[in-house]
Amino acid sequence: MMAWFAENSLLLGLALLDGLAYAALVFMVAVGLNLVFGVLRIVNVAHGSLFAIGAYTAASLGLFFASRGLPPWAGYAALILAACLVGAVLGPLIERLVLRRIYGQEEVLQLLVTFALFMILEDVQKLVWGVQPISQDLPMKVLGTVDVPFGEDVIPFTIYQLFVLPGVAVAVLAGLAWFLRRTLTGRVIVAVTTDKEAAMAMGIDAAKVTLLTFTFGAGLAALGGALASPTTSLVPGIGAQTIVLSFAVVATAGLGQIEGAALTSLLIGLGRSVAVYFAPEFEVVVPYIIMVAVLLVRPQGLFGVLETRRV
Amino acid sequence: MSGSANSLSRPAGAAPARSLGEGLPALLGIAALVLVAWAVPWLKFVLTIALAKGIAVLGILLLLRAGQVSFGHAMFLATGAYTVAFVAPFQTEALLLLPLAALLATLLGLAVGLFVVRYRDIFFGMLNLALSMVLYSLLEKLYEYTKGTDGIRVSVLTFAGLRPERETQEWLMFGLALLLAVLFGLLVRAYLASPMGRALAGIKTRETRLEFMGVSARRVLLFAYVLSALMGGTAGALVAMTSRHVTPQLAYWTSSGELVFIAILGGAGSALGPFLGAAAFELVRVYAAAAVADAWQMILGAVLLLVILFAPGGIWGMLAGRLRRSA
Amino acid sequence: MSASDRLGAQAEPSIEGVTRPRQQDAPLLSARGLKLAFGGVKAADGIDLDVMPGEFLAIIGPNGAGKTTFINMTTGYLRPQAGSIEYDGQPILGLSPRVLVGKGIGRSFQLPQLFTEHTVLENAALAIAARAGLWSPLVPLLRPQWRAEAMALLDRFGLAPLAEVRADALNEGARKLADIAMAVALQPRLILMDEPTSGVAAAEKMSVVETLVRVLRDAKVTAVFVEHDMEVVERFADRVAVWSQGRIAALGPPETVLKDPAVLRDVIGIEPAHSHA
């Protein structure tokens, strides 16, 4: 066993670092999904589309900035701008025009409405950005790489993946925890999540809270996409992949858990990247195997609270 | 939430369909299908696929009665389809392949069902999705056996030992799909009227009461789940035999979403709904794909959105309402 | 006075005036030392109670005293942290509601648990089908035999005219009766009813209870029921158990217990004329 670890320390190290960057992206998408579910009680299938559109918008903006001769650092402005733009435009649009009409209805219908949105947004992406791969990796290139020593070997790793992605994820986690616990708006969101009726009885404007939360969640998904865009080439279908992975994270963590979602993202991110290096056939399967295994033992998710029906 | 469209209640349980006979509309529907298949030969293929999917959607309908939505039922369809593709080189007899595919899907349904019926709502939906994605990944990655995303071509089949020419074979598949659709439709109708079927809706409304009646809600749901897997497998076998080509896409979560989509589109109030929905879905898909190649999904999505927001009873609900008014 | 001192060992007149000797009977249900705490709240803090065959035992007490918890523990929905429950001489702790129903313990709910998408008739028929254990997937629920049985059941509860009404369209009185009818359809020997009259309009309350008592007496069902209306308790209970903070504060025939100044003060909220030591 020890010998195996020693022999494979290089690969394990790579998997660990890769997994960290990957987990950071997954977390940002999953935590938005979780937040939206907490307040709206809707699992938003179109959340993955917001990730994809965020990624495409960031790439387009970045390419546009570059073509105007702006310095490479402007690529970062493109990432942030894309996330804000997608969140602020699509978030309210979807919540006001569509979701608002289905609150309080059967879960099946809510799920399907967001599935319909997903189908529509998938084609919107194809119409706007085409089906050819798009890549814009300037923000990653501009930071260069750092040599990570593994025993005798030295592996160059991009600073972007090694520091920026995990850094942003930690910042999002800390910021979100602070926002939800220390600010009035955050506490209102938590109150609505915990007990909507009671919160409304206390005079909380639930319509405003849902709009705000959904916009915020959409922004987080778009931010995840924007940050992912420099690391990969964008093709149709990335939204569909992302959303199922986020589902896996949210279900494994338990609904309504922020820190839990972070830890689970880490677990699933690392699990997947270990698979990439050691059993690539099972790369895509690993997150679901982790999820199924967790739910077998803890039906309410790793960090979820078991609810008993009142009789 | 104030101002929301709470008034849009679903027709379920004592649905309007029950006050209206289903026999006449069913016969008319069958006649219309045969007529269209005869008049527009190339639509025969589309309608056969629609009938097959309708059978799978019948299974979704059962779970919807229990208030559960599976975003992974394409796994049973894919199981049926790949069974046909794998076994066809060794056994070309369609009338043997079909029950074999259905049997394997049923066994998978039993294994998966024993696990997922312990969960409800979002967890139920997501677990189904996760397990179907496991199957999808295996089909995609185990290239040696499955040819990955290229998929497998289904070899030429025999029917009762005969190898009919193409036109006849198309009619045979159409007829087989129609026959099975009618049989499963009748089966589901009888099942939904039985204590087991009526108890399904009890899972949705008052699961605690079921337990306090001495009834295992899990067992009630498991029966429906296994039955739905059987129908999914049958549908998959029909799809594979008709399209003669299987790909991992069959198991992808969006394919499962389509099945749920069709169930809502057709209307969950009647066993006719899935077939109405499947026919409408496949026809819209064919014509939309021909008219706007890159936007057919968008058109389907918009249709789904409109149906849910403005015609929550689905196509069957609208038809039943109209027929009742005119009667 | 402790609970066991007051355990009914005397013969009492039933509602029809038939005197039923209790002395020689073994209790149908016997709970000893039940304890259950939720966080810091003691919902059961040493409950000892015997329920005699054929009796109607009322449970009264303020909200949060643990009355529903007792029902939930007896029917297998909650498991006590300590203590034992015997039913018909057999220990039943740890058995699931499903198993206990099979042994003849039925219950009704404070919030009626009806299948809201079904008609009243279908609700009753489902309960009858559940008892028969006949879960064929192909025979209709409303086959003539079960339809007739269900109608007869509803008729006993005066619900026959509402047979074709969807359960979610009933008024509270009818919902309570239908809820209890479903429990009775399972032919229990013991039924535990959680506030059978709460939410029932004052005008129909007495008629609901009268119907109920008539049916249960006819079916020879032993009943434990949580009740807030003292008039109902006085008229229909053979014995009353007074719950207070997870304990039984008093137990005995209503004519004694309901005159106890401590009970009057703490449970019913009436300050007696002169204080009690």
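Heads up, the Cβ atoms here are built off N, Cα and C, so glycines get one too.
On a predicted model such as this, the values are computed, not experimentally measured, just so you know.
For the transmembrane segment (B:20-39), same-chain residues at least 6 beyond its ends with a Cβ under 8 Å from one of its own Cβ atoms are 47, 51, 174, 178, 182, 185, 189, 270-272, 275-276, 279, 319-320, 323-324, 327. If you look up TrEMBL, you'll see B:20-39 (among others) marked as transmembrane segment.
Here TrEMBL flags B:45-64 (among others) as transmembrane segment.
The transmembrane segment feature in TrEMBL is assigned to B:71-90 (among others).
Positions annotated as transmembrane segment by TrEMBL: B:96-117 (among others).
Within its own chain, the transmembrane segment (B:122-139) has Cβ neighbours under 8 Å at 68-75, 78-79, 82, 112, 115-116, 146, 148, 248, 251-253, 256, counting only residues six or more beyond its boundaries. Annotation source TrEMBL lists transmembrane segment at B:122-139 (among others).
Positions annotated as transmembrane segment by TrEMBL: B:171-192 (among others).
Sequence annotations record features per position, and here TrEMBL assigns transmembrane segment to B:220-240 (among others). Through the fold, the transmembrane segment (B:220-240) approaches residues 48-49, 51-56, 58-60, 62-63, 65-66, 68, 70, 73-85, 97-98, 101-106, 108-110, 112-114, 116-117, 154, 173, 176-177, 180, 184, 191, 196-197, 199-200, 202-203, 210, 246, 250 of its own chain, all at least 6 residues removed from its boundaries and within a Cβ separation under 8 Å.
Residues or ranges marked as transmembrane segment by TrEMBL: B:260-284 (among others).
Annotation comment: TrEMBL describes B:296-319 (among others) as transmembrane segment.
Only residues 6 or more beyond the boundaries of the transmembrane segment (B:171-192), in the same chain, are considered here, and those with a CB under 8 A from a CB of the stretch are 22, 26, 30, 33-34, 37, 44, 47-48, 51-52, 54-55, 58, 61-62, 65, 94, 98, 159, 164, 198, 200, 227, 231, 234, 238, 241-242, 271-272, 275. Highest Cβ pair count under 8 Å relative to the transmembrane segment (B:260-284), across stretches B:45-64, B:71-90, B:96-117, B:296-319: B:45-64. Here the transmembrane segment (B:96-117) sits apart from the transmembrane segment (B:296-319); fewer than 3 CB pairs are under 8 Å, leaving out pairs fewer than 6 apart in sequence.
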